[in-house]
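There's a structure below that I have some questions on.
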């Protein structure tokens, strides 16, 4: 007994030593990331907080101006407009995108032949969706002489510039975002795989139809995944920048119809030499996103079902 | 994931670090010193088309052949990206030594101390060959922060191939009025069955607006740099553009907006889909190349008022300036002198940056020009002009973005011309006050 106990203790202490060595190695490997976090993320975040209370104009040293930037936000009509545009974009495109992602994930989950191919094919737009190349392509497709109009022409619908018309420009960006459903789709697919088949078998024995099975089994068991995707995509959508920047040529036009919050912030900072105000705007965005996420977590208690 | 938070903050870090450096760094070298015999590296930035990049690189090569110890590396961009990147490099204390500057941004950079007073560099950079009135356009608060590369003027570019095709006579630009342009434009639209519109809408650059204001005896800004255009005059400008669009004389608003955001070679003039368009004279060669048809410069229509005679003006097409933090201001000044005052450089650059502002260079270059460059030069020298408008005030560098947005509001009938005029004036004044 004692010999065995001795042996165990020895093993444990060896494991402990190995553990410590591993920790050191891990820390060493993480060091570049920590350095990056401090220098490239944390430092500038703190700096932008300070700059938010200054009149920094990029070319001259900043001077504190108290709460002036915050007062400006209250009366800045273009800011309010950009918030309206951004909220519209987030509140329409995210649910549509998640619905598309879930729908396709369920289709793919039914054991299609060549699943790997389809999964990759549908995932591809997510990799490309916020890239400059796709935004340029979008501009071509929805331009006055673009592919979309040629397609409509076949059905006798008259041509218009979808991107250059303030009534439709934002819709094209929403479609672009919905099209990048691949990332949430892959996560949904993994989630669907976790749901034991026996639940469905039992349900169908009891006479439950497809819709009932979806509502009573799939949705509740998938709710943590839906929640995860929802939080992630909302944050992502609030930060959208590239699409609007490229599609509108950096203007947020026509007549401010695609003026996303981030684009407005960028314009204030880099076009109007208004970096102090832009820094304050960046913090407002952080607060808005945090608030949305907090509400999400609060509401999650009512609808997210954790199995374990 | 596009423009992630991290990237944005990296940028912010650079700017912050640069800002504090700039704050304590102070000036660079001595602009009045001797030219170094050691190896010197200069950085030179400009915006423009491919043709300009080629010409400029040739001029650089000539310079470095003459001064083998100086190397000049060019950094060229297109217009929009140019200003974003200039703002960040200047903020990061990493500005190129020689900067191609525009009238819109001159005061914004000069008043914030980013540009060298070239009055301190006269040892290497001579300005006596340049017309004093032209030189004045590069002054801010009495200091010579920039030197005009050349001058251009606003003009109507008429496609005579299209006019001939529909048997429409070329209007007499000495006497025509805005109503004539409307009428002839409508004739073109009708004759072509809508394939070609008479007029390409404008309203997206300040040239058209300035001249409209000057014809009414007003100006966009007063001498003190306040917005001075009367709302009624501005409303008239937009009403005219709206009429063109609604009567089918100009393309539908969404087409106009799309073209306004596209490169020059996709414009109505360049694609031969509009018979008349408003342009700067130095754009004629590029337009002709793209169009392939016969283009002619016409003076702008008048409004029948006496002020109209004095309304055209010479716009400095662009400027040369030197960064106030250049470590080699003497060599940078020498390089600008080479570009500005030597016929060797002039022969290469021709009128791409406007008709050369140095009279000796101009006299040497103009007779050798190709047909389109020569047409532009002849138009400019024959034009009767009034005094140039005041330089765009500090804070108003975004005037064209504000103008564009309001033009869009009017064209899509989201605002009446009158409301748009009031809103434009208020917003522009607010930007100036905040700077």
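Cβ atoms here come from the backbone N, Cα and C positions, even for glycine.
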I'm validating the feature mapping. Which of A:83-108, A:239-264 is tagged transmembrane segment in TrEMBL?
A:83-108
Determine which recorded stretch among A:83-108, A:120-141, A:169-192, A:219-238, A:278-299 has the most C-beta pairs below 8 angstroms with the transmembrane segment (A:27-53).
A:278-299
So, taking each listed stretch (A:83-108, A:120-141, A:219-238, A:278-299) in turn and counting its Cβ pairs to the transmembrane segment (A:169-192) that are under 8 angstroms, which one gives the highest count?
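The stretch with the most contacts is A:83-108.
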May I ask for the residues of the chain that lie six or more residues beyond the transmembrane segment (A:278-299) and have a Cβ under 8 Å from a Cβ within it?
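Distant Cβ neighbours of the transmembrane segment (A:278-299) are 48-49, 51-54, 56, 69-70, 73, 79, 227, 230-231, 234-235, 238-239, 261-262, 264-266, 268-270.
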